[in-house]
């Protein structure tokens, strides 16, 4: 079932790759990306960093991008935004300066230093439109965008995962590794039965499941960017005609003298409402009193972002599991990696491995195993012997 | 008349059953392990689940709207969600010890709801006009489910931290005596890598192995439950925003409750980001999730105590009726 095999290796021997072009149905989709692999690997061999899907991004100084997409920075930004929001709920918003003079006086500062000067200088009286808060949000936005570029082309990463090396001790980070007796073909069949996509080449095997979950974080970041863009649009373009007017004679939106929203009342309910100290009951609504108009250009964008966020968050709950296996004599060395439910994954794989039938005797397998078991003892940075083993494996196929 | 009697009966049954279950668990913990009792405690939790479901269904039928309009009803819904979370591992045949956290949560929320602190709210009322909307079902139920799952997950993280701290204290105490068999295998490696104090000692007593298993389970299950809770919280916040756009004119008003829900969402997003890094995983993420526990209570209860803002339907004053 294997059409052709490409063998790739970097100039310094730091990594290797076997890519198979197979005609199994799922693999057909990845055929066209093998050329992408070649192109990108050649570039990577030249010492490049992350090949993002957007070409113009490459013109940005790489250092700026790598600084902006730093994970601790992002976490710090999120903490800062959370803290500012909490502060915004504690400090009363939108009051006259006198209020703050009284509540946070200089003679008796809250927490020993917090006076009205801090509040008015930093804009905390209108926290959610203050430069500090908006600046933090903008910074988070740039971090999100930088993080997007750092996701290397998803197809490239898939092919990277499809690279299964003859040495399981290559720098593939695994969650667990185990060994089970049997043949690797049986393991492949069992994995296929369990819903994995299996790639089998000679003594080595690669299988994965749940590919969507790998791309879900990208989707979440994109959705957040959409929402932020929509919010910016709203802030820039929204306008409202405020008054005490009937919307559709069934519900009346009420604003007080300063234009702050107070509440909604329906005439039939006769529920009272307090506005500016007076209690009002809406008795009836007569037509021809006018309209409340509100235009908000950002709403469709924000709704699109909402939908995308809901969807991608749900998808990211699924786990993306990968399994590498290598035939070693009459046994198979299996390594696995997953991004979500780690303990459950281990149990699942163990249960699957229990089903692999033991191979009692196999003459051809033992010859192959002599060749391969020598590989496991080699060190990772011993490039020359690595090439030797590689070449000899190539010869065998 | 029938309605209130039925309600009365059901609440009292569920409350007493859960208290019996808790007592059984305590006996197991403190006195002796009776294996036969384990099954009956599980059946007790299932009974509780049915009682609370019955209570909610009856309230729904008699009131005509989903029982989620005020604090009392949302608390009952919360304890219902806790009992579901408790039962899920049982049905998947994962026999685990995490029920020690979910069962008491059910008990305490149910107890608080039925206690004397909220008696003036027990009477069912006509729904406030602003809440007469289809969105009520989706937004509030999603939020409560999200709260329940996130509370469970963060409690698991708190348990993780407690167990880890107790072990670290024990290691530091006995750092002079290297042959003590209460050392913990992977913690020793961890310490060796970080501080170069202890050498790689592969002592592995069975008690520590089970403790290690428990920690791994707590970590893993905590992450999964928090993932589910995060999904529900996201859907809840976003549906709330869409409802707000329809009812109040704009989708985000920086209302205290909205803001605190967003803060909670942010903290759990930080939790997931910390977990991407293998080195920081586990311990640091558990700290963040524990902070999340406090934030959820502030978001759910604390804001209601203030009674201001657009979410004032859930506000209440604690009156103790003697």
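Quick reminder: no glycine exception, Cβ is built from N, Cα and C everywhere.
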From A:128-148, A:149-169, A:170-190, the residue range that TrEMBL assigns the feature transmembrane segment: A:128-148
Candidate ranges A:42-66, A:67-91, A:92-116 [criterion: TrEMBL lists as transmembrane segment]: A:67-91
The annotated transmembrane segment range in TrEMBL, which must be one of A:8-28, A:197-217, A:218-238: A:218-238
Non-local residues, at least 6 beyond the ends, that sit with Cβ under 8 Å of the transmembrane segment (A:218-238): 129, 137, 140-141, 144-145, 147-148, 151, 154, 294-306, 308-309, 311-313, 315-316
